[in-house]
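Report on the following structure.
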Amino acid sequence: MTSFSAPGSPVDTVLLTSPAGAGRTEAIRIFEDLGYLCLNHVWPELVPTFLKHYAPIAPRLVLCLASRPEADAQAGLIAARVALRSLARTTVHVHLDCPEGVLLSRYALTRRPHPWFDHGKGLLAAIRAERTALEPVRALADEVVDTGPLELAQLRVHLGALVGGRPTELPVTVMSFGFKRGVPADAQFVLDIRFLPNPYYESALKPLTGLDVGVAEYVFASEQSQATYRSLLEFLRFLLHQYRQDRRSQLLIAIGCTGGQHRSVAFVERLSGDLAAEGFACRPSHRDLAVNRLQELSR
């Protein structure tokens with residue numbers, strides 16, 4: 001038997017089994033996002049060979065075992081467990097499953113042939129044949145996950161909690177930019193603060209940036225700026241809590257002013273600091289600041 005990890009402790013290796021259509025591809029993507037090297041459609045008899053090559057270089061490994069009509073699924077799984085036990089890796093066997101009606105409807109939406117399909121018997125017979133062959137495998141699993149009622153976000157939460165050991169914090173970048181050089185193409189949210197008082201028209205502040213205290217004080221001196229900031233902080237606080245629960249992989253929030261030197265820089269610095277203080281993995285970035293400085297020096 002493989003050794004199931006204690007609750008909350010990290011899992012080195014995941015043995016993943018499932019009938020076709022039960023969510024194997026989505027599960028592999030989730031494990032990849034969690035930092036696992038995923039090997040899909042591995043024949044059980046080849047597990048020792050894969051482990052010999054990949055175990056030394058992959059501290060986190062997912063072996064998704066293939067089910068084939070001509071193979072003994074239970075014998076193959078037991079052989080895979082024996083190979084893993086010899087390496088003393090902390091392993092969990094996860095079996096994905098769902099009702100045959102769900103599998104049938106999922107295959108109705110795809111053009112891919114079922115691996116157990118027999119032209120003389122039809123799709124439902126193929127689904128039933130594979131699930132019957134996998135019943136002994138399902139019985140040996142440490143965790144059986146019914147993907148039928150689960151949305152993708154729920155499956156992500158479930159599998160993440162199952163393997164444990166690594167927080168899935170949402171990395172957030174808050175970026176300043178200037179509209180005159182275009183909007184960042186990879187931003188999920190773009191906020192325009194060009195309506196706020198502009199330090200550019202103050203001769204003493206024009207050569208400075210939003211990183212300078214004088215510029216920041218000017219930007220936030222007006223009630224308009226203060227109200228904007230409070231509303232923006234409250235909105236982002238709500239937004240990040242929602243995305244954190246949805247287990248997004250990353251988020252880029254772009255805040256723009258005309259040149260990306262004064263107002264947006266001051267806002268980004270303050271926002272990223274306040275959000276980081278509340279526990280979000282937030283960092284500031286200033287896309288156009290270096291370009292602006294080079295242009296000033298070249299004049």
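Cβ coordinates are placed from backbone N, Cα and C, and glycine is handled just like the others.
From a predicted model like this one, the values you see are computed outputs, not experimental measurements.
Annotation source Swiss-Prot lists ATP binding site at Ser18, Pro19, Ala20, Gly21, Ala22, Gly23, Arg24, Thr25. Under DSSP, Ser18 (ATP binding site) is assigned to coil, being neither helix nor strand in the three-state scheme. Note on Ser18 (ATP binding site): other Cβ atoms within 10 Å of its Cβ, all shown chains, come to 26.
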Largest tally of Cβ atoms lying within 10 Å of a Cβ, found at which of the binding-site residues Pro19, Gly21, Gly23: Pro19
Under 8 Å by Cβ from Ala20 (ATP binding site), counting only residues of that chain that are 6 or more apart: Ser67, Leu103, Tyr107, His114, Pro115, Trp116, Ile127, Glu130
CB-centroid shell, 8 A cutoff, ATP site Ser18, Pro19, Ala20, Gly21, Ala22, Gly23, Arg24, Thr25, site residues removed: Leu96, Leu103, Thr147
